[in-house]
Amino acid sequence: MPITRLKLGKLKVVRRQLLQRYEHQPFVSCLAGLYGCQWRRYQRARAQPGECCCSKVECGSFGLLILTFFLTFVFLYFWSEAQNDYNDFDWFNFGTLGFWFPWSLVLLAVAASLFTYIALLLVLAVCLLSEGQRLYLHWSHKTGIVVTLAFSVTATAVLSDLWSKEWQTLLLSLQVTAPFLHVAAVALMAILSWPIALHFFRMNKKVRQVAVLGLYLSVLFSLYLVPLGMYSPCIKDKGTLGPPPSLIGHRGAPMISPENTLMSFEKAVEAGGEGLETDVTISYDGVPFLMHDLTLRRTTNVAEVFPNRTHLDASMFTWAELQQLNAGDWFLSKDPFTTVSSLSEVDRYQALNQSIPSLAQFLELASTSGRLVLFDLRKPPHGHPYSQSYINTTLQVVEAHINSSQVLWLPSEDRELVQAVDPELQQTSGEKASIQELTDAHITRLNLHYSTMSQQQISKYQSVNISTNLYVISQPWLYTLAWCAGAQSVTTNSIHILSNINKPLFLMTPEEYNLMWILTDAVSAFLIIAVFIFHWWRERGLPFWSGSRQTHENGPYSKFRTELSDVWSISSVNVRPDLRSAPNSPITPHLPTITEE
């Protein structure tokens, strides 16, 4: 039967679109294969107009996948923002288990791996929905989702019980990350609008349509309004940012040298620290020395030198015995901050030969370098020869080796007596109190945990010349927050890193933030509306123009199916009957002879 050139052109259009649909099959096969192990076309099915995208079981699996995604994200975000305190977490486990292992990094790696796995499954599901495919999740993935969910819930519950203060860290982190999380969340909702709009217009039940659209719009509008409740000290007017907080080395520079050793304090001075923090204990024969822990087990080789006294209180050793111990080898072998590989051979040799320093040696170093000193003073246990006189013993050493005005006196016991004996000491309190109470106690500085950070309180104390020091801040984002909040100083493990920060990592004016907020919401709203209009247009079979030729569609999957039996027919075009009955056979259209008209 002869056909005209116009009909031949229509045939070519059909053939081209049909081939495009077949060329698209490897992508769909890959998605279905990875998600449900359905690598062949006959194993999967499309969601026909009016049908749900999945069965009730698969719908439940998809809902569980979404729940697991959010819970795993919360835990991963929680634990990644807790990096500031990883060292404390690892040493807590050391004290509990008796051996060193970087549990914090292992937990982070596991959480990141599981979140990546769940996120990929969710991406596959959204892509399949966007392609109009019915969801089928393989049983192995269902098992993986349950395992991941159990891990996230258990880990969050355990850490919340043992380390509840880290939730305050998470809330603080939102003061820096919330603007960017808001943009990411709105962008995600814009991406999800494609599959949601597609299935919304294909549903034939109003109840389903209202439920899906209502849930989607509720989440979207909630995200649009989230910035109204956001607060950050780093959103402030130009010219109102104060000077950066001065840095106090926490036990020196413990990330690049053994803590509480002369090498550590020398490194802190070299890095530009304005103060040095340490912990003081009194030996059995009355010599104040530097040691943070109750025992010598963690930071010395006491197990080798005195194997029968490893659990004995550090203050029960004489100064001569303490001098026999090595205080640096543990740092090289345990590598608590995973920084040993960055040390030079000279630094490694120096670290290997460190010993426990006395308070006198520490004060002489601070006096020579002109640094402030801040230290905790631990009372010896009952029965110790200096359990009643340890404060006087310490004051005598302070007066003999440093100018008292360089000392931030932190111990609260007998503060009035200490103030009377040496009024030049800078009285420092580790607790919040009213301004009247602080001034009556001659407090000139507060030493507070960073989780209590408050711009309003810092400003209130500063108004009566009471400075605020926050401890222990080692992450740049926390340092940025302390800077914006107006803290005068911070105690840090990473003095070599924070000393190189010249400006806050996050700082913008209210006008800039409002512009960012409004643009994000406006652009996403425009894109989402455009996506819904586009799908409404396609599903209603309205005409649209492709190049210079007008075509019609009645739904994205009604004309060009992956199987040849679904191909729409064109009048006046003959196709071999054997192709109609063999949908999986190769496509070879039979073209009749063309007759010129």
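Start at 1 and count along the chain as shown; that gives each residue its number.
Backbone N, Cα and C define each Cβ position, glycine as well.
The structure displayed is predicted, hence computed values, not measured ones.
Pulled from TrEMBL, these are the features on record:
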DOMAIN    245-502  domain 'GP-PDE'
TRANSMEM  62-80  transmembrane segment
TRANSMEM  100-129  transmembrane segment
TRANSMEM  141-160  transmembrane segment
TRANSMEM  180-201  transmembrane segment
TRANSMEM  213-231  transmembrane segment
TRANSMEM  515-537  transmembrane segment
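Note on the transmembrane segment (213-231): residues 174-175, 178-179, 182, 185-186, 189, 192-193, 196, 200, 513, 517, 521, 525, 528 of its chain, located 6 or more positions outside it, place their CB under 8 angstroms from a CB of the stretch.
Most Cβ pairs under 8 A with the transmembrane segment (515-537) among the ranges 62-80, 141-160, 180-201 are made by 180-201. Among residues of the same chain six or more beyond the transmembrane segment (62-80), those with a C-beta under 8 A of the stretch's C-beta atoms are 54, 107-108, 111-112, 114-115, 118-119, 121-122, 125, 135, 137, 145-146, 148-149, 152-153, 155-156, 159, 166-167, 170, 173.
Within the chain, the transmembrane segment (100-129) has long-range Cβ neighbours (under 8 A, six or more residues past its boundaries) at 28, 31-32, 34-35, 53, 62, 65-66, 68-69, 72-73, 75-76, 79-80, 82-83, 86-87, 89-90, 93-94, 135, 137, 141, 144-145, 148, 151-152, 155, 191-192, 195, 198-199, 334, 336, 338.
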